[in-house]
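Q: Can you keep this structure in mind? I'll have questions shortly.
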Amino acid sequence: MAGRLLLLLLCAALPDELRAEGGVFIKKESADKFLERTKRANSFLEEMKQGNIERECNEERCSKEEAREAFEDNEKTEEFWNIYVDGDQCSSNPCHYGGQCKDGLGSYTCSCLDGYQGKNCEFVIPKYCKINNGDCEQFCSIKKSVQKDVVCSCTSGYELAEDGKQCVSKVKYPCGKVLMKRIKRSVILPTNSNTNATSDQDVPSTNGSILEEVFTTTTESPTPPPRNGSSITDPNVDTRIVGGDECRPGECPWQAVLINEKGEEFCGGTILNEDFILTAAHCINQSKEIKVVVGEVDREKEEHSETTHTAEKIFVHSKYIAETYDNDIALIKLKEPIQFSEYVVPACLPQADFANEVLMNQKSGMVSGFGREFEAGRLSKRLKVLEVPYVDRSTCKQSTNFAITENMFCAGYETEQKDACQGDSGGPHVTRYKDTYFVTGIVSWGEGCARKGKYGVYTKLSRFLRWVRTVMRQK
């Protein structure tokens, strides 16, 4: 029965051949042609050709090996095979915050951008202030929340930009900005003068103790104190700056100069705002009358940028120790406010953490003044500025026999002839961060000027920021 059915099918499929031959049988060539099976596999010549993914896998189901032959690249084969087997797991864009998705067999992998983590990059990695200052241009703090996000803020005269990171000025002459390129620094040491004591005035300090406005009589320039607390008589051991470059108008706009009753310059200072000048406590006893000049860059020339101001009140830190120069800091309240310009601008006050963790971890700071051009030399006619590297604390302590307290730090060069010198005392030590200059220290004391193996010693402002801000509120 099956044979008859097959015969009928053959007859139906080949009516022309049957009629042509007039019988049941057909020629061998025709029969072979009809019964020949078409192979799916490549012919010999096709096997010699490079694989084709369309031919190998899209026309019919293929194996991974056939796909590899088509791509001739393991990585591309894996990418294709993962989608070919079970579809593209990345088609739904599962990776958040710009993460890149890579398909797998029954799964996917997200490569997250910096700052994000999780299977789908869905979690924001909290930034910390110790890492690149939290990307803040100025101050950085950690928000007290579950994720502990970074919060940026700005010093006085600035406000946060829309990005929450940058600080933009909201005043005409913002602190810490130099409108012209700057040159290096120099330092001055107060000259000897007789002074008379005046009345004291008390104001509350941050710790509840009494802050005194004090003038004491002295006939000597300040010298660094020995470790045993007694004074030393070496006339070459003085407070100071040496070997800087000239500071042109507007390049050191926060520089202030203290003038005695004879019209002589004896110390430096830093402009903090229109009412207050920061200086060293040991400068205060150098004259019974103090005036402050700002905007000056040449002692023998009228630049028409300088103005002179009278000291109304003087605040010396209540814990200042003259024998050791500890807590060597004072503030001068001016009777007439300073008018700011492109030549006269205050330096910025930092926050303590910002000063300690960011500013003082910079390579160097800047000091400026009209100090002596070399040890026992004459005072500089021109304002000078000098870059001074921060010095490791242990190196600083090992370089001197005098006490280096927690309220001091060292800066300068071990062998180069560059340093602060006599007459620069009380002057500014500022540090630049993202084109803004912040006060980091006060020129305090040193052993000679630019001596080999010796460094300049500065009052560490971050230890006194609360005190400074408390006094500046005493208007």
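A Cβ is built for glycine as well, from the same backbone N, Cα and C atoms used for every other residue.
Since we're looking at a predicted model, the values are computed, not measured.
Per Swiss-Prot, the feature disulfide bond maps to Cys57-Cys62, Cys90-Cys101, Cys95-Cys110, Cys112-Cys121, Cys129-Cys140, Cys136-Cys152, Cys154-Cys167, Cys247-Cys252, Cys267-Cys283, Cys396-Cys410, Cys421-Cys449. Taken from Swiss-Prot, the feature domain 'Peptidase S1' applies to 241-473, supported by sequence analysis. Residues or ranges marked as N-linked glycosylation site by Swiss-Prot: Asn196, Asn207, Asn228, Asn285. The 4-carboxyglutamate annotation in Swiss-Prot covers Glu46, Glu47, Glu54, Glu56, Glu59, Glu60, Glu65, Glu66, Glu69, Glu72, Glu79. Positions annotated as (3R)-3-hydroxyaspartate by Swiss-Prot, on the basis of similarity to another entry: Asp103. Taken from Swiss-Prot, the feature region 'Disordered' covers 216-237. Per Swiss-Prot, signal peptide is recorded for 1-20, and the stated evidence type is sequence analysis.
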Q: What same-chain residues, at least 6 away in sequence, bring their CB to under 8 Å of the CB of Cys112 (disulfide bond)?
A: Cys95, Tyr97, Gly99, Gly118, Cys121
Q: Is it possible to get the count of other C-beta atoms within 10 angstroms of the C-beta of Cys154 (disulfide bond)?
A: 21
Q: Which is it, of Cys90, Cys121: the one of these disulfide-bonded residues whose Cβ has the most other Cβ atoms within 10 Å?
A: Cys121
Q: So among the modified residues Glu69, Glu72, Glu79, Asp103, who's got the most Cβ atoms within 10 Å?
A: Asp103
Q: Among the disulfide-bonded residues listed here (Cys101, Cys136, Cys247), identify the one with the smallest other-Cβ count within 10 Å.
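A: Result for the disulfide-bonded residues Cys101, Cys136, Cys247: minimum number of other Cβ atoms within 10 Å at Cys101.
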Q: Rounded to an integer, what is the Cα-Cα distance in Å between Cys110 (disulfide bond) and Cys101 (disulfide bond)?
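A: Per the Cα atoms, Cys110 (disulfide bond) and Cys101 (disulfide bond) stand 5 Å apart.
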Q: Report the nearest neighbour of Cys154 (disulfide bond) in space among the recorded positions Cys62, Glu65, Cys90, Cys252, comparing Cα positions.
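A: It is Cys252, whose Cα lies nearest.
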Q: Taking each of Glu65, Asp103, Cys167, Cys396, Cys410 in turn, which of these recorded positions have a Cα lying within 10 angstroms of the Cα of Cys90 (disulfide bond)?
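A: If one measures from the Cα of Cys90 (disulfide bond), the recorded positions that come within 10 Å are Asp103.
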Q: Given the recorded positions Glu79, Cys101, Cys129, Cys152, Asn285, find the one whose Cα is closest in space to the Cα of Cys247 (disulfide bond).
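A: Sorting the recorded positions by distance from Cys247 (disulfide bond), the top entry is Asn285.
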Q: Return the residues near Glu65 (4-carboxyglutamate), defined as same-chain residues 6+ apart in sequence whose C-beta is under 8 angstroms from its C-beta, sorted by sequence, else 'none'.
A: none
Q: Could you say which of the disulfide-bonded residues Cys152, Cys167, Cys283 has its Cβ with the most other Cβ atoms inside 10 Å?
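A: The most densely surrounded of these disulfide-bonded residues is Cys283.
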Q: What are the non-local neighbours of Cys410 (disulfide bond), defined as same-chain residues 6+ apart in sequence with CB under 8 A from its CB?
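A: Within the chain, Cys410 (disulfide bond) has Cβ neighbours under 8 Å at Tyr390, Val391, Arg393, Thr395, Cys396, Ser399, Ile404, Tyr455, Gly456, Val457, Tyr458.
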Q: Taking Cα-Cα distance, which of the recorded positions Cys62, Asp103, Cys152, Cys267 are within 10 Å of Cys167 (disulfide bond)?
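A: Close recorded positions: Cys152.
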Q: Pick from Cys62, Cys110, Cys129, Cys267: which of these disulfide-bonded residues has the biggest number of other Cβ atoms within 10 Å of its Cβ?
A: Cys267
Q: Whole-number Å only: compute the distance from the Cα of Asp103 ((3R)-3-hydroxyaspartate) to the Cα of Cys252 (disulfide bond).
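A: Roughly 59 Å, rounded to the nearest whole number.
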Q: Which one, from the disulfide-bonded residues Cys95, Cys140, Cys252, Cys396, has the smallest tally of other C-beta atoms lying within 10 Å of its C-beta?
A: Cys396
